[in-house]
Amino acid sequence: MPKRKDIQKIMVIGSGPIIIGQAAEFDYAGTQACLALKEEGYKVILVNSNPATIMTDKEIADKIYIEPLTLEFVNRIIRKERPDAILPTLGGQTGLNMAMALSKAGILDDLEIELLGTKLSAIDQAEDRDLFKQLMQELDQPIPESTIVKTVDEAVTFARDIGYPVIVRPAFTLGGTGGGICSSEEELCEITENGLKLSPVTQCLIERSIAGFKEIEYEVMRDSADNALVVCNMENFDPVGIHTGDSIVFAPTQTLSDIENQMLRDASLKIIRALKIEGGCNVQLALDPYSFKYYVIEVNPRVSRSSALASKATGYPIAKLAAKIAVGLTLDEMINPITGTTYAMFEPALDYVVAKIPRFPFDKFEHGERQLGTQMKATGEVMAIGRNLEESLLKACRSLEIGVCHNEMTSLSNISDEELVTKVIKAQDDRLFYLSEAIRRGYSIEELESLTKIDLFFLDKLLHIVEIEQELQMHVDHLESLKKAKRYGFSDQKIAEIWQKDESDIRAMRHSHSLCPVYKMVDTCAAEFDAKTPYFYSTYELENESVQSNKESILVLGSGPIRIGQGVEFDYATVHSVKAIQKAGYEAIIMNSNPETVSTDFSVSDKLYFEPLTFEDVMNVIDLEQPKGVIVQFGGQTAINLAQSLSDAGVTILGTQVEDLDRAEDRDLFEKALKELGIPQPQGQTATNEEEALEAAKKIGFPVLVRPSYVLGGRAMEIVENKEDLREYIRTAVKASPEHPILVDSYIFGKECEVDAISDGKSVLIPGIMEHIERAGVHSGDSMAVYPPQQLSKQIQETIAEYTKRLAIGLNCIGMMNVQFVIKNEQVYVIEVNPRASRTVPFLSKVTGIPMAQIATKLILGQTLKDLGYEDGLYPQSQLVHIKAPVFSFTKLAQVDSLLGPEMKSTGEVMGSDTSLEKALYKAFEANNSHLSEFGQIVFTIADDSKAEALSLARRFKAIGYQIMATQGTAAYFAEQGLSACLVGKIGDAANDIPTLVRHGHVQAIVNTVGIKRTADKDGQMIRSSAIEQGVPLFTALDTAKAMLTVLESRCFNIEAI
């Protein structure tokens, strides 16, 4: 069927900021879809609030609106643009929920706008728990015994009838938000109450728990002619009961018989046909390990996290083809872009095993609740490909960047058997490592299967890995044992550890016996047809399918899995760098391990290696490809940390040289450079042990800011006020980076700002200065940033620009550089310099129109700023005001304190732009879901050192109609100063404490600060948690509250008696 001619203009709804449950996979899907629609000649309008994406680049759509994804703003854009149709299925849950809201508000009918891909009825049937249940019954598809509830009492009655455990699934939420497994009435009441609150339709499904069944997923496609196929089937290592986003997943399925596979495949195709979905769909099923009994768990009527994984696992571009199906094309008339000869109707066949392991944020949140359940907690994921399961699993383990090179954590060797068994039964994010430790201690896989319900097949693979370890221990320097270990995915580092040698010895031994990996192509057809894709994975076999081309090549290292501190911003820079390399006439090669991102789309680069970002794996690619050089600037700390070892091995690092990277990272060298350049910095010293740190703090004077060197995202950074706190910090935080010393700095409580600069070594372009709303002490990634600066004098801006130029030239920076400053009493101090792309590059590129990563790459390849037509110095400022605001995922992370400090906690960002600061702030707050009522009750609970400042805010809140409430100490201070506040009770005072008031809807906002030391007391954390759980705006920095107040004041009329 030919594409539709009756529509010309299509609006695509993006997925908004990155949060847990909705990450970079939607940037990948949205980018693919927009380009596919443009390719077919449609005019594409994109709406998204996230500036950190490739999707929001000008060339991706005809018109791009970076605006809040709220009904108010999307409605305005629709009325302005008048699209013929909207494609909502590529924006995750956000896109689907927005489509439903537009329909319910009558906007789609009013303007005669059609929904493409998935009809409203299908979204409703898949997402509304009652309608889904009815549909499954009509199709004769089994679902667990369940009921729909709208109150907690209804849930309790049903559970009493069918017995515990039960699962709670809120309707229309993402990543299992608000859901969970309940083993008791108390748990059921708590989880259902929260789930009803988080469901936009106040509805939860309560169902009989089938925890322990195998969890299987089918990624299916269907077109308007009712052609349907299975793109990929996947099997979770963990049984039902753990969210699939938090499970280790293998593709294709590993333990199903042919009969089971056909049975579940038929069910999946029956469901997509019944829903009449045109595009991609994900079906999750539970299979009884001991019979042919199965249940349908849920259906996602859209492109999802699993679609991105299935696309990368098979090479089949689901989002691209789904977009074309949405405009009428059919599977039997579209060519599969991988083979270039077969049609998209051919089901992909895999002659390899793919492993996905989630990446969790618990290295950042040590006190977070790590136990896994039906609510997702992972921030990102890694994928690895191998010829056997062991190989793909071990490659994925070393891709995680959590300090392991194998499925082994050495720290676990010290724990008791009792603790080990507990951790094996109660699944946490690191259960794989506990299982492997149990096998090393001699627990049988049958025992472990009965404790965990993990299939014996998977446990046997873990046992096989342990057997190879034992074989290596018994046969040191034995070539056949080495060959076997490499065939099953063991790293040189692990083998060296077992043989008590250096990694370089193993590498030398391999090379002396010509034992090197070959690279196989991902071709969707198990080599049945010729494929043209430059998409490769390594394995230890005979035939190499990756041939070095005659063209000079450049290798760009990606940034690995998405985690807090290193998000999609770095992937954005990687993709732009590749474009510039190709324009310069080189072959661009990407190496990365993240299946969610645009950089691992095989059509982006000339060659893609889906490999772990370790020294060994990178060197193997370099040995084969012999690139002209390697670019490490765009891969965040992941790539920077590899620069030294690659350089030592004789690899050419392009751009800023390793010794200059070191001068920015090494404290003593950096101090020396600043002295030579005449640039002030807060007084500071380096310490390698407790005594030195205490001596440094005594000399500098408390409070001090302490942190390890060579870290990203403020990892283990803290402000300490006295000796005891400093001792405690040294005992707990040095783990963060043991081979590097601790930095002890004078803490300056001033205004912070940051600069991204691009240098060719002689000239320096500064696209803009970003002013932070929150003062020093809040991590830059968690601060709201304003461009152009609103409160910095011309002189201060000139000083910042001058210091930046001196630094870039003095540190021999070629390419990107990020500098952070603090300003106090009109004095500018440098806090830190990062000689690489930073997380603000996409934001600043969008608001200034300067393609920063592309320019930096051209300079790295030898051009000058003058060649490219750019002047030296600060670029002319934008006429609009732009705000970058952080977005947090605290609702998904129980027991993680939402108090902001020097360690980064945000998972994503949004942008607000307008003609004034107030309007831009309003948009930013709307986009990051901080909706504040125009009046109501606001609670102040304030530390002594900021009560005076809070008082003036409270007076302003009162002037616009807010009722002021306060805790005892704060209320007393306010009263002394002539402002009366309603007293709220102490925690535990059931009728009147803050959590109770919040729960009953009597509080519209909370302002809570904890003083310079930032040690969170238990009461404070309970107050903050109650605000997060109930969705009440919470301000832990007075500057953020002040910004919100500015917005409210600008929206209020002045009402005064004459």
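Cβ from N, Cα, C; glycine included.
Over in Swiss-Prot, the protein carries these features:
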type: REGION; residues: 1-401; note: region 'Carboxyphosphate synthetic domain'
type: BINDING; residues: ARG129, ARG169, GLY175, GLY176, ARG208, ILE210, GLU215, GLY241, ILE242, HIS243, GLN284, GLU298; note: ATP 1 binding site
type: DOMAIN; residues: 133-327; note: domain 'ATP-grasp 1'
type: BINDING; residues: GLN284, GLU298; note: Mg(2+) 1 binding site
type: BINDING; residues: GLN284, GLU298; note: Mn(2+) 1 binding site
type: BINDING; residues: GLU298, ASN300; note: Mg(2+) 2 binding site
type: BINDING; residues: GLU298, ASN300; note: Mn(2+) 2 binding site
type: REGION; residues: 402-546; note: region 'Oligomerization domain'
type: REGION; residues: 547-929; note: region 'Carbamoyl phosphate synthetic domain'
type: DOMAIN; residues: 671-861; note: domain 'ATP-grasp 2'
type: BINDING; residues: ARG707, SER746, ILE748, GLU752, GLY777, VAL778, HIS779, SER780, GLN820, GLU832; note: ATP 2 binding site
type: BINDING; residues: GLN820, GLU832; note: Mg(2+) 3 binding site
type: BINDING; residues: GLN820, GLU832; note: Mn(2+) 3 binding site
type: BINDING; residues: GLU832, ASN834; note: Mg(2+) 4 binding site
type: BINDING; residues: GLU832, ASN834; note: Mn(2+) 4 binding site
type: DOMAIN; residues: 930-1058; note: domain 'MGS-like'
type: REGION; residues: 930-1058; note: region 'Allosteric domain'
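Locations of recorded Swiss-Prot features on the structure.
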{"residue": "ARG129", "record": "ATP 1 binding site", "Cβ within 10 Å": "23"}
{"residue": "ARG208", "record": "ATP 1 binding site", "Cβ within 10 Å": "18"}
{"residue": "GLU215", "record": "ATP 1 binding site", "Cβ within 10 Å": "24"}
{"residue": "ILE242", "record": "ATP 1 binding site", "Cβ within 10 Å": "25"}
{"residue": "GLN284", "record": "ATP 1 binding site", "Cβ within 10 Å": "21"}
{"residue": "ASN300", "record": "Mg(2+) 2 binding site", "Cβ within 10 Å": "23"}
{"residue": "ILE748", "record": "ATP 2 binding site", "Cβ within 10 Å": "22"}
{"residue": "GLY777", "record": "ATP 2 binding site", "Cβ within 10 Å": "21"}
{"residue": "GLU832", "record": "Mg(2+) 3 binding site", "Cβ within 10 Å": "18"}
{"residue": "ASN834", "record": "Mg(2+) 4 binding site", "Cβ within 10 Å": "22"}
Of all C-alpha pairs drawn from the ATP 2-binding set ARG707, SER746, ILE748, GLU752, GLY777, VAL778, HIS779, SER780, GLN820, GLU832, the farthest apart lie at a distance in Å of 18
Near ARG707 (ATP 2 binding site) in space, meaning Cα within 10 angstroms, which of the binding-site residues do we find among ARG208, ILE242, GLN284, GLU298, GLU832, ASN834? none
Using a Cβ-Cβ cut-off under 8 angstroms and a sequence gap of six or more, which residues of the chain neighbour GLU298 (Mg(2+) 1 binding site)? ALA126, PHE132, ARG169, GLN284
I need the nearest neighbour of ASN834 (Mg(2+) 4 binding site) among the binding-site residues ARG208, ILE242, ASN300, using C-alpha distances. ILE242
Any idea what the Cα distance is from ILE242 (ATP 1 binding site) over to GLN820 (ATP 2 binding site), rounded to a whole Å? 41
Cα-Cα, ILE748 (ATP 2 binding site) versus ARG129 (ATP 1 binding site), nearest Å, comes out at 53
If you count the other CB atoms within 10 A of the CB of ARG707 (ATP 2 binding site), including all protein chains displayed, you should get 22
Express the distance between the Cα positions of ARG208 (ATP 1 binding site) and GLU832 (Mg(2+) 3 binding site) as a whole number of Å. 54
CA-CA, which of the binding-site residues ARG129, GLU215, ASN300, GLU832 lies nearest GLY777 (ATP 2 binding site)? GLU832
Here the binding-site residues are ARG129, GLU215, ASN300, GLU832, and the Cα closest to that of GLN820 (ATP 2 binding site) is found at GLU832
Hey, which of the binding-site residues HIS779, GLN820 is the loneliest by Cβ count within 10 Å? GLN820
Which one is closest to GLU832 (Mg(2+) 3 binding site) in space, judged by CA to CA distance, out of the binding-site residues ARG129, GLU215, ASN300, HIS779? HIS779
For the domain 'MGS-like' (930-1058), provide the mean pLDDT of the predicted model. 89
Pairwise Cα distance for ARG129 (ATP 1 binding site)/HIS779 (ATP 2 binding site) [Å, integer]: 41
